[in-house]
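Below you'll find the structure, written out as structure tokens, and then a few comments.
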Amino acid sequence: MATVTLLETNGLSRRFGGLKAVDGVDFRLDRGEIRAVIGPNGAGKTTFVSLVAGRVPPSEGSIRFEGEDVTRLPAHARVRRGIAYTFQITSIFGNLSVFDNVALAVQSALAKEAGFGARLDEAEIRGRTMTALDLTGLAARADQPAGTLAYGHQRLVEVAMGLGLAPKLLILDEPTQGLSDPEIADFIGLVRTIAETATVMLIEHNMAVVMDLATRITVLDRGRILAEGTPAEIRADARVQHAYLGT
Amino acid sequence: MSFGPHLLLAFLEGMVQASVLTLTALGLSLVFGVMRVVNVAHGEFFMLGAVSAWWIASLAAGHPAVGFVAALIGAPLIVGAVALAAERLVLRRLDYNPEATIVATIGLLFILQQAALTFFGADARPVQAPFSYRIVFPWFGWSGYKLFVIAAAGAMLIAVWLVLTRTRIGLVMRATQFDRETAQAFGIRVDRVYAGVFAAGAMLAAVAAVLIVPISQAHYLMGLDPLLLSFIVVIIGGLGSLKGTVIAALVIGLSDGMISVFFSPTLAKILGTLLVALVLVVRPGGLVGGQSR
Amino acid sequence: MSAPAIAAPRKGLADKAILLHVGVLALLLAAQFVLPEYHALSLTRVMLLATFAVGYNLLFGYTGLLSLGHALFFAAGLYGAALPAYHFGWTAPPAFLAGIAAGFLVALTVGAVALRTTGVAFMIVTLMFAQAGYLATLYFGNVTRGDEGLVLTDAVRRFELLGLTVDLADPGLRYNLALALLAAAIAITLVVVRRPIGRVLVAIRENEARTLMLGYDSYRAKLVAVVLSGTISAAAGAAYALLFAYAGSSFASIHYSIYPLLWTLLGGAATVLGPVLGTLIMFYLIDLASGFTTAHLVVVGLVLVALVLFFPKGILGTVRERWLPWLP
């Protein structure tokens, strides 16, 4: 299969006051990749993916998704196009059951497929929701209020919601933060499963996870792309070492 | 009477409206600014001030000025005490949750209104002005007391401004408004500040009410209009912005007074309420204040 | 004041819920045969006002939007029905539809504008719109007759339907029509909360930003909720005007924006039957209180304060939390 560009940004910038958080980023992401975005603190990683997801409007530049310009689309419309974002700080519906949390995502994906105003089939919602819960190992906790789960499980609810959206591009913002080592091992397996059907872009601090998972890595520093390449290339890159170690 | 003098009269009447409104709205704005809660019972504090003024004046014997001065001191104290009790018993227990506070102060509104009806009755009752000097213009005569209202409100305004900007009390209030947690960390007793601000806000409304009762009578339903006008002022002026509140009160009070002279008071209020709704939609921070949320 | 969550509807349990609601409505149907005339009339009123509260709850309880201007929607239905009936002699059925249409349009307009704001600003914007509406009923006094109100003639309340003569002055008929309207409002609420749209509305109440990031246009969903809630409220208003042959400014006043909030809070926000229970209790509480005091407003005030202080989930909200988690 020929590689197809899924996401493309041109000259993408975002200023906060005088600070350029993201500065003229030209970025390309191919379908089927697992792309890690790394960089020192304050490099603009979260701002960059927020621009892609539509949570923050850009100051300059454009974003194309599947060849179409989505720069002006509001966040919810981008989600419907297939860009899903899971929050760095867990943001689930604590008072709702785990099932309802994920069903909300599934229902959104179904509404996209069925078109506006179509009646959604509750059995179909159930089926897909349970599939996402099975995949993330949450099926047994479906009826629990999401807010009562342990932190690691709440993170999994986030991922299950991302899955429920059946996205073309799943953005994971620091997904392993606060997880224990066995949980991280499970998580790596989960991302591999997701990557069979979706392109994954993840922001990650844990280098072991990055090197294990990513097919390609993009390094951001002070709002710009510093380097890009395979894990081996990035590991060998002197500029990256300099940016990280300050030597 | 030709147009020029008619306009002068409308302007003077508008100024009286504006003075009283400025004090009332200032109270609402102070409470919102520092405590971040909307007090829907604010108009009832105004009403309570007017009704207390009538009660105190009716007890006093001798020259009307005696009763008036007693009311000017006594009525705000009564209202302040009621507000303080409401703050301690209800608002503090709600932890100043904005929505719960609105519902609770609506309840307070009904309670105060009913209390006034029960103990005061359904009649409108006047308080005699402290003096009956008339200013004679070439075209019409005008009550000297109304001029006194404008002057007294102006003096009150300056006093409030001095307290807010030049005293430790004002500093503490501004610190609390700026950041509740930090203020607490600096040893400011935030709950006392809140109680004081809530009582002070109600007392400002009460002073405004005492000033107005010799002109328009005390009545148990009189609270709704000042409440709505104060809302309008506080919103147009920018939520929590004192300077904006004063400017907006002057503009709204003057235009309301003047539109009411030339057109219908009801129409003026309809336009005012719609204007507020639209201002909030377009600029949630208000027109003058500029700072949002 | 976050209202409690709805439980995920489950097969079996859901049927229990349906059974409960049908049971309550059947009880109301049977009540007319045993109640003395005075209480039957009171209950007719309660059921219409409860319909209003059920509509209010759809917005406040489930979507989490606190409106302080629902009198505007009730009054839109009231006058939408009463004005053509009074001035043009429309009979009850077209007048009722006109009331619903008026409520729909007002809700759509007000919702489209007011939903640009959130939180306290939304409360004040709705309050202001309702106040403008109330003042308008006074200002156009030559059409509405202001506080004095419009009294509808018996002629517009008597009409032919499918060859039968229907007379809305008949107390038994009034009772059953009010019950039918309440049943319809409850059915609509049940359908909404058990369908996917209900889940989205609750999600908006719980965390609007997250709902947006799940691909939902929350503005549109909230507008649907305002229109649905406003239209049900208007239907209650239209029915009130036609069944009791009267429309006056007091129904547009701020009190009628506060009452549905009070009833819903008392019975339990985000429970289907809560507003009905709240309306019933409050109505009889005031009825009882007026037996020995004219001070019924003080009862309203005290109950409001007590509810937010000690009982924010209301009666059925507490019942659901403690004993019946399946209650919708």
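Sequential numbering from 1, following the chain as shown.
Every residue, even glycine, has its Cβ placed from backbone N, Cα and C.
Taken from TrEMBL, the feature transmembrane segment covers C:17-35 (among others). Within its own chain, the transmembrane segment (C:17-35) has Cβ neighbours under 8 Å at 9, 43, 47, 172, 175-176, 179, 182-183, 186, 190, 272-273, 276, 326-328, counting only residues six or more beyond its boundaries.
For C:41-59 (among others), the entry in TrEMBL reads transmembrane segment.
Listed by sequence, the residues of this chain that lie at least six past the ends of the transmembrane segment (C:71-89) yet keep a Cβ under 8 A from its Cβ atoms are 52, 55, 95-96, 98-103, 105-107, 110, 126, 129-130, 133-134, 137, 143-144, 150, 152, 155-156, 229-231, 233-242, 246-247, 251-257. What TrEMBL records for C:71-89 (among others) is transmembrane segment.
Within the chain, the transmembrane segment (C:95-115) has long-range Cβ neighbours (under 8 A, six or more residues past its boundaries) at 69, 72-73, 76-82, 84-85, 122, 125-126, 129, 133, 156, 219, 222-223, 226-227, 229-231, 233-235, 237-239, 241-242. The transmembrane segment feature in TrEMBL is assigned to C:95-115 (among others).
Tertiary neighbourhood of the transmembrane segment (C:120-140): same-chain residues 65-72, 75-76, 79, 106, 110, 113-114, 146-147, 249, 252-254, 257, selected by CB-CB distance under 8 Å and a gap of 6+ residues from either end. Residues annotated as transmembrane segment in TrEMBL: C:120-140 (among others).
Look at TrEMBL and you will find C:173-193 (among others) tagged as transmembrane segment.
Per TrEMBL, transmembrane segment is recorded for C:223-246 (among others).
Tertiary neighbourhood of the transmembrane segment (C:258-285): same-chain residues 1, 3-4, 6, 20-21, 24, 42, 45-46, 49-50, 52-57, 60-62, 66, 68, 70, 182, 186, 189-190, 193, 202, 233, 299-300, 303-304, 307-308, 312-320, 327-328, selected by CB-CB distance under 8 Å and a gap of 6+ residues from either end. The annotation transmembrane segment is assigned in TrEMBL to C:258-285 (among others).
Taken from TrEMBL, the feature transmembrane segment applies to C:297-319 (among others).
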Excluding the flanking five residues on each side, which residues at least 6 beyond the ends of the transmembrane segment (C:223-246) place their CB within less than 8 Å of a CB in that stretch? 44-45, 48-49, 51-52, 54-56, 58-59, 62-63, 65, 67, 70, 73-82, 85, 92, 95-96, 98-100, 102-104, 106-108, 110-112, 114-115, 149-154, 157, 168-169, 174, 177-178, 181, 185, 188, 192, 197, 201, 260
